[in-house]
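Data block below; observations after.
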Amino acid sequence: MEIQSNFSLKNYNTFGIEAKAKQFIAVHSVEELKTILKENKNEKKFILGGGSNMLLTKDIDALVIHIDLKGKEIIKEDDDFVWVESQAGETWHDFVLWTIDNNFGGLENMSLIPGNVGTTPVQNIGAYGTEIKDTFVSCNAINIETQETKTFTNAECNFGYRESIFKNEVKDQFIITSVIYKLTKRNHKINTSYGDILAELAKNNISEPTLKDVSNAVIAIRQSKLPDPKELGNSGSFFKNPILLKSDFEQIHKKFPEMKFYEVSETEVKVPAGWLIEQAGFKGKRFGDAGVHKNQALVLVNYGNATGQEILNVSKEVQKTVFETFGIKIEAEVNVI
């Protein structure tokens, strides 16, 4: 295990932003992780996973610990369900494909989401009607201060829309090392409630979709709308879809009757942030090397040599204009560093 100094993080964040780490080390086992934490107790630390949900606006004046724990295994099963444990450093999409290849259901709608397994509970990632909380059983984590292992159950994670205990009450206190999911072995609950998925399946004349069919449909949709970070730096959806009280939404809807929305409860509706941003005139707009993607207004992109600050400035301009136009605040889903 070698600590490197003045280390470039350009290849460790999907925006492809050039930023330096004061110190950097990759860890490949829980034992290595505990040792590094113990030996560097008084150093400032920054924990790095897949780098897919962050915007680096400056160099990191800390010891960057890259979690590169690999491996996955079935830890329990019965006739109907299987409990699978994945190490935190596994690439999420590869893990999803592995579950589908084994005919384990529950994650297929979240195919092609960038990032690693370890960050999935932090954000409670989700797509096309499913979220991590639907299949999440528990995760194992190391206390940064004491190096003790703690298991967080689903209930203890306080999951909300792109929220969890790891973004709030215990933020920066734990490092997730593995995650356990409970998946179906039969009687899969195929979720094709989103119109895009139904349209993609219909295009391929599929009326009774398998897990693989749904995954392929989601992959096709995402590839048509979202740029590949290897070709164009981005972090997927930069903004959360705002959730409004119905009473507030009704007032706004009177002014903008064409506004799209989805009911999330008896008292709340979700408005697509991408629609708001597009209507505000930002879709495809470019500011130097930073901009809003031409096919999906939720996505901010680095066209080459944008700095994190330049991308942040674009996001602030988008937020300001959307609020001035619609009276709706949109929040960043990405962690700004």
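Any Cβ shown, glycine's included, is placed from N, Cα and C.
What Swiss-Prot records for ARG162, GLU333 is active site, and it gives sequence analysis as the kind of evidence. What Swiss-Prot lists as active site, proton donor is SER237, and the listing cites sequence analysis. Feature annotation from Swiss-Prot assigns domain 'FAD-binding PCMH-type' to 17-186; the stated evidence is sequence analysis.
Between ARG162 (active site) and the residue listed as 'active site, proton donor', the C-alpha separation comes to 11 Å. Of all Cβ atoms in the shown protein chains, 22 besides its own fall within 10 Å of the Cβ of the residue listed as 'active site, proton donor'.
Taking CA atoms as the reference points, GLU333 (active site) and the residue listed as 'active site, proton donor' are 7 Å apart.
ARG162 (active site) falls outside any helix or strand according to DSSP and counts as coil. Counting every protein chain shown, the Cβ of GLU333 (active site) has 19 other Cβ atoms within 10 Å. In the three-state DSSP reading, SER237 (active site, proton donor) counts as coil.
For the recorded site, GLU333 (active site), the DSSP three-state label reads coil.
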